[in-house]
Protein chains: 2
Amino acid sequence: MSDAHSLDTLIEALRRLPGVGAKSASRMAFHLLQHDRNGAQVLSRALQDAVLQVHHCSRCNTFTEAELCEVCRDPQRDASKLAVVETPADQAALERTGAFRGYYFVLMGRLSPLDGVGPRDIGLHQLVARATDGHVSEVIVATNFTAEGEATAHVIAEALRSRGLTVTRLARGVPAGSELEYVDLGTIAHALVDRR
Amino acid sequence: MSDAHSLDTLIEALRRLPGVGAKSASRMAFHLLQHDRNGAQVLSRALQDAVLQVHHCSRCNTFTEAELCEVCRDPQRDASKLAVVETPADQAALERTGAFRGYYFVLMGRLSPLDGVGPRDIGLHQLVARATDGHVSEVIVATNFTAEGEATAHVIAEALRSRGLTVTRLARGVPAGSELEYVDLGTIAHALVDRR
Ligand SMILES: [Zn+2]
Ligand SMILES: [Zn+2]
């Protein structure tokens, strides 16, 4: 694009963002350098800070800056219920319904054999340890109703049922093929009540 | 989204990128922290480096790390011809044709009164100074054929013609390789007017 080497490097770096191709990356770099250099510096610092400070909750595996996340630190929740979700965004969607007061385990992904994502990558071992802590009696598998989410739910259910736990799945109120993050609150709330 | 403050800050910072909304920003932050922490650090450094090192060519206004950009430093070009383009990407498109061997002036934008972008913001004063250096005899206005690009071309032509310069515009016409039957009417009408 230019003889500005650091500009080309910036465009290459922006292309590592999901959903950003060559044209978008050039447009982003142009915008930042021409119109929002302060934004570029804010973003640079934010990336550095997040990489240094964000890690995984030792109990539920979501992102946190503390040893335990805010939800896991809350003693008012129902310790007999554990909801398993794919991402923090899915957890946030469940929380917004106000219909679930148990704890969570966040897989931070889903099984995807074609992409080389296996049971170890979604922390299945850690989930089994969490679910067999002696307090949890029901695990509600709230993975997405996509092919990969269903396969993930199946593997989790197998692993937990063999250890004597009750495993339920969000009811089919959630439209097949959709991702929780985009489903309206009422549908999620009904699906939670009708879990089977 | 979480009790990770630096994660929320990162999502806010990503939203300053053009075309990135709340959902995309969350997805980008999740991807970087879960799957590509090295990419986050590379991007952080690239932003910092670009802000520190990239500035504007003192002659043509494009991005460069030197006092003069590579094109302006090239003594083999035709100093009597100056092409005016909106962005470095437009300049690159013209360069790829191999059909222009003069120098450039890069506006780094276009007139857009509704967005508060006036003649000063596109460096009109600097362009006039560049075009009246005594060597330039023809200015080829290669702004885009959009409403804003046409308005910009008009203002530039007025300013330069009043100083005795020859000002031309890229021809409007039927794209090479296309069949008339499938070309929109406006384009055919322009091609008819600009016939040679
Ligand atoms: Zn937690
Ligand atoms: Zn230059």
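Here, residue 1 is simply the first one shown, and the rest follow in order.
Positions of Cβ are set from backbone N, Cα and C atoms, glycine also.
Cross-referencing A:9-24, A:41-56, A:57-72 with TrEMBL places the feature zinc finger at A:57-72.
The average pLDDT for the domain 'Toprim' (A:80-175) in the predicted structure is 92. Secondary structure of the zinc finger (A:57-72), assigned with DSSP and counted as helix (H, G, I), strand (E, B) and coil, comes to 3 helix, 2 strand, 11 coil.
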